[in-house]
């Protein structure tokens, strides 16, 4: 976790260094708050250190995130997060500055949430018989937060751009609005993909889908966390253009999807060939069920863990 250590104060690094290496592999988030104990999220559960964050810690972390020039973080402060080397995302919370009804930036930042990005190579391979049949099937991955949706999408992007035996690599476009799938730093993906990968980083999903089709002629597009009406419109346009799409959405089940006004149309038009439901039954990445385009169960996996 050298990339994370680079932005932390020495005293905090010393406190974190006491954690056994094996436990580090299970930590999903490091949450730092002024005047509160440092919180680690391990297997979805909070673990608190005796070390409490200070105002000086917050100032130093922010300085290191910005390379000691807050001007360079202007756009990131509007979005509320910064992506650092290694693809890790640092969420920020503090006093919001508004202008003309919109968010202009953040000040007095008192909370940091470092989401640890780990690429888990091969986790999507057990799903290939369901998701690839001579070509990639249009797929929606459904799950509540922290169930491994992004990790699974990342490996599917790797597989589609790399190929395997009897599966040729295809031109794969990632529209990465939150810089989480590819973890780009200055436009360069920090995770491992194949030769045929193109990324639109920090780009709104709906606009990015259309931009990618016009500029990069992808055969497969990967998008995380769809949910707005304009996302639905853009996805349908992509499908009509003959592009395969693999996307994710927040939800507990396929029935949740049918109830959401912004996504209901995708179900009604049978936009997807496959639906995957994820849970944390056996940890992040547990595939609970797989459905076909009509909602028929293809696999009751009883908790197959991919991640």
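Every residue gets a Cβ built from N, Cα and C, even glycine.
According to Swiss-Prot, the features are:
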BINDING   143, 144, 145, 146, 147, 148, 149, 150  ATP binding site
(message) Just to verify: the residue among 146, 147, 150 with the fewest other Cβ atoms within 10 Å, which of the binding-site residues is it?
(response) 146
(message) Take the mean position of the Cβ atoms of 143, 144, 145, 146, 147, 148, 149, 150, the recorded ATP site. Which other residues of that chain put their Cβ within 8 Å of it?
(response) 248, 250, 278, 280, 284
(message) Using a 10 Å radius around its CB, how many other CB atoms surround residue 148 (ATP binding site)?
(response) 25
(message) Neighbour count, 10 Å Cβ-Cβ cut-off, for residue 145 (ATP binding site): what number do you get?
(response) 9
(request) Pick the one among the binding-site residues 143, 144 whose Cβ has the fewest other Cβ atoms within 10 Å in this structure. (result) 144
(message) Applying a 10 Å Cβ distance cut-off over all chains shown, what neighbour count does residue 149 (ATP binding site) have?
(response) 26
(message) Under a three-state reading of DSSP, tell me whether residue 143 (ATP binding site) is helix, strand or coil.
(response) strand
